[in-house]
Amino acid sequence: MAAGVATWMPFARAAAVGWLPLAQKTMPKPPVDKKSRSDEILFVNVSGLRFQTWKNTLDRYPDTLLGSSEKEFFYNEETQEYFFDRDPEMFRHILNFFRTGKLHYPRHECIQAFEEELAFYGIIPEIIGDCCMEEYRDRKKENQERLAEDTEAENAGDAPLPPDATLRERLWRAFENPHTSTMALVFYYVTGFFIAVSVIANVVETVPCRPIKGSIKDLPCGEKFSVAFSCLDTACVLIFSFEYLMRLYAAPSRCDFARSVMSVIDVVAILPFYIGLVMPENEEVSGAFVTLRVFRVFRIFKFSRHSQGLRILGCTLQACASELGFLLFSLTMAVIIFATVMFYAEKGTKGTTFSSIPASFWYTIVTMTTLGLLITAIHYQLLIQLLMSLYFHLQYLFMWGHVGLSDLLSCCVPQDGDGDSTPLCVKNRSAFEHQHHHLLHCLEKTTNHEFTDEVTYSEVCVTDSVGFRTSRSTSLSSQQGATTTCCSRRAKRRAFRLANSTVSVSRGSVQELDTLHVTKTPAGTQYPQSRSSLNARTENLKLNCDDYTAAIISIPTPPANTPDESLPNSPAIPGILRNSRSSTFNTQETVKISSL
Amino acid sequence: MGLVMGTFSMQSNKQDRTYRKDKIDDDFEMSIVCHRPEGLDKLEAQSNFSKRELQVLYRGFKNECPSGVVNEDTFKQIYAQFFPHGDASSYAHYLFDAFDSAHSGSIKFEDFVMALSILLRGSVREKLMWTFNLYDINRDGYINKEEMTDIVRAIYDMMGKYTYPALKTDTPKQHVDAFFQKMDKNRDGVVTLDEFILSCQEDENIMRSLQLFENVI
């Protein structure tokens, strides 16, 4: 129930007087309130800081530690106060929640500590007020990401390998954490060096060199020293291929490795060479082949294994993917608009460069980027976000120093918004709930109808035509104790005695009907008028507080006269087992049925 | 002339014993009303509650409605939370009218306390009179079938859709007919206050149940 509703309970109950002249049945007895009615001030000592509050304030939330009888465990007889050995600063916020009904998240506090306090006091974080919810969510996400990195770092940690590690494991270790062995370090630097060499060679071979003797035209160096360059290229590709194959061999999960971004980059970097090998010396095709060589530039991305900063950048970009996408989209829109405008503006003029709209694109793009105004405005937030996350990540990395984080691109954890603290279970029903149940019970008596739930209701609609005898008594339900805690579940306690049908059921206390049990009673047990609470029926039905099972009503039938026949499944209520054997059955069976 | 004006203002001051401050803030579109109730002593004298009980009541009231008044929407929201199965808004509307004796559109703490005082601590006759007032929607002194049907339908609405046995469309009507059968002594189609009180006093169930909520506070 929402905040503060407990305060209005006396009013709601008083308003029930209005139903009394209409009531068709006698009203149930009100719950006996053993505790004294007068309000008192409670003293709560939290690590030396003494708080005082009305008892009623704490009673507003009977599902929490302070609102339930659980706080009695912390009561100190000598000092007549409740003592908690917890953080007194945090307790302020907790107590304010009781007072105002709104939970605020203090910005200066660590989110983990805050959640722990909430868990201790039995308050779920989801009720944090709107004012603080966003801050809370952001901090939580940050924290989770940090934790994920943490666990990854631990997993990829420096712990020495067990002595019986296979060659594969050693190899993988060497690749992932190069500093663990000298060989790995050497290999790491060698590959790095060759990546650099390869990239530089790609660049240099296009630079015009002095022409060879006898020719006038400037040649690009690539053609002048074609042999040298091709040897260099071959050597690099060989080394890269060797590295890739070794990694593939050493990877614990080859499929995952093959699908990872880094390996894709590796493949793309060396593929052009091999394609060139198999390509015939065909004029047309070699043109396309030349284009493929462009992909050699992707070798530069191989540096991301060597640079954690690059990986962080990649991770951040991935995190900001949606913003980037939007940015690109809006840029495209702007470009098209302005290009169109320019084209039509210059249409009449002769000799204009804006011969068509696409021709205007280049002008528009250049102008926009040169001006930079639009870019900066949109980029601003993106930049800030990038820089902040870079800063945090690098700071974190700096603190952890040499720990080699394995592929950081996987650090972008999926969004997970649910709180991980669960409210403490209150075993005893509070006075408030008793009163609430009594109120609902009075309403039932007034109208001579009972609350039930959707499933029962739909089943009853089916049986309506057949006119089964049903018997029930609810007089016990409001006075029995500990099985249900909430009014909505109270309605689920029903047992139908269907005269000629074979399965009698009762509903347990469940939150959701995940699995349904059909319980058949042993022969000879006379079911009493059985809508009584679970306590009375525990031995027959094996239902208890912790047992999240619900037995179903199996409602047969088409309007058949002989329910003894076996009945087909009614399509209206899928998934419910129909069983209409005769009325004698010897064993108690439970049949599990998958959820609806 | 000045004397007359002086006496006039003094007179109005005397009448206005309740410290009622209506601050209308022109900066905002709506007016912010802050109402303070009468003194504790006066309320204690007028109602059947002790000072402590009034303190408890007021603390709860003030916490939920810092402005000191409850308007109809808030009232409906509060009441609806006790009846999650169905729709409590119609019955809450009738309740609101019954609580708001001055028909001002909002319930002040005094209204709240007076109504609770009758319902929880009043005599049988007072309770029945209050209930009659609740049923008599147009406050004409008679309960006719339409009014009763509205009330009964509002009560059935609170049950919600999923009931056992299932609600039929004429269930409220049958209920109203049964009610009139019992209450309308002279069969003239309306129930007057005296008929109502008399019939209720004859019914043991009703008499007994009226004592039910006495220990609520």
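Cβ atoms here come from the backbone N, Cα and C positions, even for glycine.
Residues or ranges marked as domain 'BTB' by TrEMBL: A:40-139.
The region 'Disordered' annotation in TrEMBL covers A:143-164.
According to TrEMBL, the feature signal peptide maps to A:1-16.
Look at TrEMBL and you will find A:183-204 (among others) tagged as transmembrane segment.
Per TrEMBL, transmembrane segment is recorded for A:224-245 (among others).
Per TrEMBL, transmembrane segment is recorded for A:257-279 (among others). Listed as Cβ neighbours of the transmembrane segment (A:257-279) (distance under 8 Å, sequence separation of 6 or more from its ends, same chain) are residues 233-234, 237, 240-241, 243-244, 247-248, 251, 285-286, 289, 292-293, 295-296, 298-299, 301-302, 304-305, 314, 407, 409.
As annotated by TrEMBL, transmembrane segment applies to A:324-345 (among others).
Within the chain, the transmembrane segment (A:357-375) has long-range Cβ neighbours (under 8 A, six or more residues past its boundaries) at 331, 334-336, 338-340, 342-343. Annotation source TrEMBL lists transmembrane segment at A:357-375 (among others).
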Segment-level pLDDT (mean, integer) for the domain 'BTB' (A:40-139): 90
Beyond the flanks of the transmembrane segment (A:224-245) by 6 or more, those residues with Cβ under 8 Å of it: 187, 190-191, 194-195, 197-198, 201, 205, 209, 211-212, 263, 266-267, 269-270, 273-274, 299, 302
Distal contacts, the transmembrane segment (A:324-345) - CB-CB under 8 A, six or more residues away: 317, 354, 356-361, 363-365, 367-368, 374, 378-379, 382
Helix-strand-coil residue split for the domain 'BTB' (A:40-139), DSSP-based: 48 helix, 20 strand, 32 coil
